[in-house]
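Data first, discussion second: the structure below is written as structure tokens.
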Amino acid sequence: MKLELNKIYTKSNLISFVRLLLVAPTIYFISNIPEHDEYRVVVLSLFFLAYLSDLLDGYLARKYNEISELGKIIDPLADKVFVIAIVFQLFISGEITPIYFWIIISRDILILLGGVFITNITGKVLPSNLLGKITVSSIGIFLIAVVAGAKEFSWLYNLLQYLSIFLSFASILGYSLRGYETIKWYKKNGNVKEH
């Protein structure tokens, strides 16, 4: 995988890096929610900023033709680091169940390892697809609901939790099938079919 210098220092990649910087303050405020319930609003605001940055970096990459192999790595990596850090802190705080924590962590580790494996073989990064984006959105909605106090409404808490778990398993299966087809196509044709 070759990285062009002019495709590294781009507006979209910079925004992805900024999203990574939001992790530290988000974790700080989540960890202090038990003593300062008003921090829930701050955390929700940081979630919203992270979401906006995710939309903006994709928009800029397309508008200014800044789509790059590095961007295909950094954008989902920033999402994963942000989500994993928050899931971990909410787990430590007792806001989410151990099984939910391990399912989400395992999903991201499997997809990360699968991505490295596919890239090593084909030299290309397998980009996120619609199912992956829907899954990340469902996880994000659940985490937002948890921070907003959804545990007080068990039906809502359980509904959002089980929906994101179902989509997590579906996305792992979908990613595995796409990875298999990508490698199969590459070995047969010597290049990677665009998804």
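Quick reminder: no glycine exception, Cβ is built from N, Cα and C everywhere.
What TrEMBL records for this protein:
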{"type": "TRANSMEM", "residues": "12-30", "note": "transmembrane segment"}
{"type": "TRANSMEM", "residues": "42-61", "note": "transmembrane segment"}
{"type": "TRANSMEM", "residues": "73-93", "note": "transmembrane segment"}
{"type": "TRANSMEM", "residues": "130-149", "note": "transmembrane segment"}
{"type": "TRANSMEM", "residues": "155-177", "note": "transmembrane segment"}
Contact set, same chain, for the transmembrane segment (12-30): CB under 8 Å, 6 or more residues outside the stretch: 39, 42-43, 46-47, 49-50, 53-54, 56-58, 60-61, 64, 66, 68, 70-71, 74-75, 77-79, 81-82, 85-86, 89-90, 93, 147
Outside the transmembrane segment (130-149), six or more residues from its ends: residues with CB under 8 Å to it: 30, 33, 40, 43-44, 47, 51, 76, 79, 83, 86-87, 90, 95-96, 104, 111, 156-157, 160-161, 163-164, 167-168, 170-171, 174-175
Other parts of the chain folded back onto the transmembrane segment (155-177), taken as Cβ under 8 Å at six or more residues beyond its ends: 96-97, 100, 103-104, 107, 110-111, 114, 126, 129, 131-132, 134-135, 138-139, 141-142, 145-146
